[in-house]
Amino acid sequence: MATLGTGQSAQPPRAIEFSRNSLVRRGLAVCIVALLIGVIVVLVIEVRHQLEQLNASAATNVQWSLGQAETEVMALQIATQTAILAPDEPDLLKHVRLRFDVVYSRIDTLNRADVLIELRKLPGMEARLALTQAFRSDWVPLIDGPDAALRPALPQLFDQAELVRQAVRALALDGVSFFARAGDVRRIEISRILSSIGMMTVALVGILLILMIAVLRLARQREREARLNHETRERLETIVSTSLDAVVVIDQTDRVIEWNGAAERVFGYTNREAVGAEMSSLIVPEHFRPMHRQAMQRYARTGVGRVVGRGIVQLEARHKDGSIFPVDLSLAEAQGPRGEIFVAFMRDITDRVRAEQALRRARDRAVAGEKQKAELLAVMSHEMRTPLNGILGTLDLCETEQLDEKNRRHLRIIRQSGEVLLSHVNDVLDISRLDAGKMPLRKRRFDLVALMREIIDSQTPRASALGNKLHLLPPSPELHNAYSDPDRLRQILLNLVSNAIKFTRNGRITLEADVSEGLNAVELRVTDTGDGIAAQDLGRIFDDFVTIDSSYGRRNTGTGLGLGISQRLAVALGGELGAESEPGDGSLFWVRLPMDPPADAPVARIPANEPQAAPPRALDVLLVEDNAINREVARQMLERDGHRVTITEDGQQGLDAAAVRRFDVILMDISMPGLDGMTAARMIRAGKGPNVRTPIVATTAHALPEEVRAFRAVGMDRVLTKPITVASLRRTLTEMLGRGGVTTPDPEAASGGTDASQALAETAPPRIDAAHFREVTEELADDHLRAMLANCAKEIDRFLDHLPEALAAPDPTFGSLSQEAHRLAGSAGVFGALPMAGLLRQFQTMARSEDLAALCTQGRELARCWDETCAELARRGYAEQVDAND
Amino acid sequence: MEKLFMKLFRTFLVVVLFGNAAAAEGLAAPKGDILLTVTGDIGQHNAGEAAQFDRAMLMKLGTREVVTHTIWTEGPQSFVGVPLKTFAMALGIKDGTIAATAVNDYSVNIPWSDVEEDFALLALDRNGEPMTVRDKGPIWLIFPYDDDPRFRQETYHARSIWQLQRIDIKR
């Protein structure tokens with residue numbers, strides 16, 4: 001192909017240059033030839049003119065006339081002589097008179113004829129002509145007179161006629177030489193012109209010869225080019241015919257021009273069948289034919305194609321036997337002898353597509369499995385959190401002031417262990433996020449010394465139980481102001497310490513923090529004097545679900561994930577985790593982390609587990625909670641801090657209570673039978689009751705980020721994750737009301753949520769929440785996001801499309817509509833389509849109340865909102881996903 | 001003498017024209033001077049095998065005026081006379097060569113094509129005056145030289161016979 005390419009690229013410029021030169025040369029030649037022909041024509045005309053002149057001169061006739069003049073005079077003399085000799089014959093006199101008249105006429109001609117003007121100008125002519133005129137005028141009276149007078153004068157007439165004869169003769173002789181000379185001049189002129197014509201003709205012939213040679217050379221060059229073209233063509237034909245891909249060439253009218261061997265194999269038509277037939281009727285599946293023809297017409301009209309020159313496009317093609325199969329198509333456009341032609345390369349990709357489909361199915365199954373796992377984890381976390389909520393909440397209710405120091409310490413230990421357990425549950429939930437690199441880290445300033453003390457305190461009882469001593473080496477004061485995620489760090493250290501305790505009997509476990517390299521590389525070490533780990537196992541202990549040996553596995557926390565999670569957490573926090581060990585000589589686990597606070601980090605906050613001051617004033621709280629234990633715990637916590645609590649047991653009750661009077665804050669459970677918390681919150685926000693602007697706090701065990709966003713979308717201001725603790729409750733209330741009741745998003749979602757109540761108050765909120773959407777795009781791989789988005793859009797499209805039909809049915813299935821709307825609201829919320837999600841939730845509620853008229857209105861509202869949402873998504877570069885089902 | 005000649009000719013022409021109108025009656029005899037004698041293959045006779053014409057007879061055949069230059073005269077000349085074709089028709093001549101002979105025995109052959117073309121004129125008057133022998137009369141066969149370059153060529157100059165006296169028709 002390389003030589004072919006070079007040949008083709010080198011050829012055209014030379015041809016252009018050649019044609020330009022030849023054009024100039026040809027033009028010049030044409031000009032010269034035209035000039036020569038013009039000159040020759042002019043000369044020929046000149047010759048013709050000269051010849052005409054020669055003719056017109058009537059030289060011969062004139063000379064005859066001149067010569068004849070003498071003859072006429074002699075005839076007069078003879079007639080005169082005859083009359084003298086026969087004086088009695090009157091007829092002879094008559095004859096003399098006639099002859100005189102003839103001479104008279106001749107003399108007249110000599111003196112007057114135009115043709116003789118030049119001759120008459122010759123020297124001596126005047127005298128001769130005068131003589132003739134005198135003769136004529138002298139004799140006219142006698143000739144016209146009576147015979148008697150004429151007869152005696154005859155001899156004199158004869159003699160005078162002789163004088164005239166001589167004069168006329170001399171005149172004739174001069175005339176001969178004069179006209180000969182004039183003729184000579186003309187002839188010389190003619191011969192000069194003729195020789196000019198000759199020269200011109202020779203030049204013309206010469207130029208024609210040169211042109212002929214040029215034409216011959218041109219012809220030879222053409223022949224050479226034709227041969228080259230022929231060779232190129234043969235080579236191309238070989239390439240086409242041996243191509244593994246089907247090569248089909250069509251013209252503008254869709255007629256097949258070329259059909260190679262591969263095309264025969266791929267489509268089943270022989271070359272003889274295909275060439276000349278309409279391509280679309282051969283290989284384009286019937287349902288694509290109108291589209292194909294439109295595309296051809298559009299291309300012919302606008303020159304813009306969706307396939308031409310766009311690289312490889314995957315399409316469906318039709319085999320002779322009617323089967324449809326996928327092909328890769330690459331279409332190019334070229335210039336043929338009769339206008340544009342299209343060259344299509346096609347490859348049967350049935351096998352590849354099949355393989356892809358199998359792969360996709362496998363992936364879908366895997367993804368579904370992953371999803372099931374995630375769902376399982378979510379359910380489990382909920383199931384575990386509810387009893388934990390009870391434990392921890394009840395602990396908070398213990399009258400700690402009335403206990404002695406020891407019991408207070410015990411209670412604190414119980415509570416802290418419960419919290420650790422809760423964090424384990426959260427960690428299990430986080431495993432998938434960790435693996436996906438989406439572990440939410442909450443880095444902040446904290447007191448590492450306190451954290452280490454807390455760990456020592458919490459683990460000392462367990463250590464003592466195994467005869468171990470737990471030590472904290474005095475840490476550097478610098479560590480009071482460390483910066484990292486304390487929860488994650490606690491998780492790591494607890495894991496390491498509890499491991500050390502488990503594998504040590506009657507030994508010594510030391511926790512220390514080394515800041516010798518500065519806060520940006522703090523090394524935390526857990527050293528034990530226990531069993532140690534064999535060298536060959538040392539590398540494997542951090543692997544997932546690896547049990548080094550039965551004893552290690554059994555004695556570990558049981559998940560087989562502890563060290564793996566710890567190591568990953570360390571990496572996620574920007575550090576590393578390692579171990580050193582000698583069997584029988586104990587182990588050393590170390591974590592090296594950067595802990596220097598960034599310049600703009602907020603000042604240290606009070607750790608989450610420290611008791612929180614109650615809000616400065618007593619509040620009117622509406623508590624909506626269906627779970628009796630939770631309700632009771634929360635009520636007591638609130639009342640102990642002096643707040644007035646109104647208790648309701650489900651969403652409807654909550655809604656009713658909210659309609660009666662204004663509260664300072666509403667705590668709203670999410671999962672409730674009947675009217676759920678989100679709907680209730682949305683209805684409070686949407687209504688005109690006294691609590692339209694009252695802060696609403698969602699209480700839920702579902703702490704997944706997308707759910708948090710959904711809560712905000714319906715106008716809830718904060719999320720309080722169950723189990724509710726006094727500390728978290730106080731903090732929430734303080735933060736919210738400490739700002740004068742103005743609702744603000746919490747720091748965790750500072751970048752994620754908008755102020756929903758404000759957003760709802762706005763006339764035209766954006767269809768896609770920008771920050772929310774950005775977060776989603778950061779969290780999800782792009783192709784995954786697109787697939788999800790396309791799926792979601794498809795489902796919403798389908799829902800909206802079927803809605804009118806479903807509502808028009810004699811017995812609308814409100815239940816399933818409600819469920820579907822609920823599901824779609826969640827989906828839309830995920831992508832930050834918050835208005836859409838809100839409308840869908842309204843719909844869900846309306847469907848449950850079976851309000852058909854409202855549903856119809858809401859359906860139209862939904863369709864409009866969805867169009868706008870799609871437009872917004874298209875602007876954000878997801879046109880393909882949202883338009884896929886249009 | 002010429003005047004008499006012309007008078008006779010004019011009279012003769014009238015007769016000829018009448019005669020021509022009734023061809024069966026034959027050609028009348030000339031009454032004036034005989035200007036033209038026609039011999040040879042002719043359909044009409046009034047003098048044995050010949051046909052003789054005076055001026056009147058000729059003028060009666062129908063005349064035409066031609067104004068032209070000639071090489072033998074000065075300035076434009078107005079000629080009036082009988083078209084050769086008219087003359088030939090009057091004599092019932094359908095074809096043949098016209099051998100014309102002048103007073104001085106100058107003779108020239110005029111092809112039938114010249115008759116057919118109807119350019120040739122047997123001129124009798126020049127510039128309003130009947131021509132005499134002294135000014136190339138009484139009959140001068142002329143062509144409209146100014147109308148066509150070919151008439152200005154040697155051939156037509158030679159055919160332009162003046163002082164025409166006799167015509168012989170040869171088949």
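Using the three backbone atoms N, Cα and C, a Cβ is placed for every residue, glycine included.
Pulled from TrEMBL:
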- A:27-45: transmembrane segment (TRANSMEM)
- A:197-219: transmembrane segment (TRANSMEM)
- A:232-303: domain 'PAS' (DOMAIN)
- A:311-361: domain 'PAC' (DOMAIN)
- A:379-597: domain 'Histidine kinase' (DOMAIN)
- A:620-737: domain 'Response regulatory' (DOMAIN)
- A:D669: 4-aspartylphosphate (MOD_RES)
- A:781-880: domain 'HPt' (DOMAIN)
- A:H822: phosphohistidine (MOD_RES)
Does DSSP give the residue listed as 'phosphohistidine' helix, strand or coil?
helix
Take the C-alpha atoms of the residue listed as 'phosphohistidine' and the residue listed as '4-aspartylphosphate' and report the distance between them in angstrom, rounded.
17
Within the predicted model, mean pLDDT of the domain 'PAS' (A:232-303):
87
When you scan the chain for residues with a C-beta under 8 Å from the transmembrane segment (A:197-219), skipping those not six or more beyond its ends, what do you find?
22, 25, 29, 32-33, 36-37, 39-40, 43-44, 47
Give the three-state DSSP assignment (helix, strand or coil) for A:D669 (4-aspartylphosphate).
strand
Pull the DSSP breakdown for the domain 'PAS' (A:232-303) and write it out as helix, strand, coil residue counts.
44 helix, 12 strand, 16 coil
Chain residues outside the transmembrane segment (A:27-45) and at least six past its termini with a C-beta under 8 angstroms from it:
193, 196-197, 200-201, 203-204, 207-208, 210-211, 214
According to DSSP, how is the domain 'PAC' (A:311-361) divided among helix, strand and coil residues?
12 helix, 30 strand, 9 coil
So, by DSSP, how many helix, strand and coil residues make up the domain 'Response regulatory' (A:620-737)?
54 helix, 24 strand, 40 coil
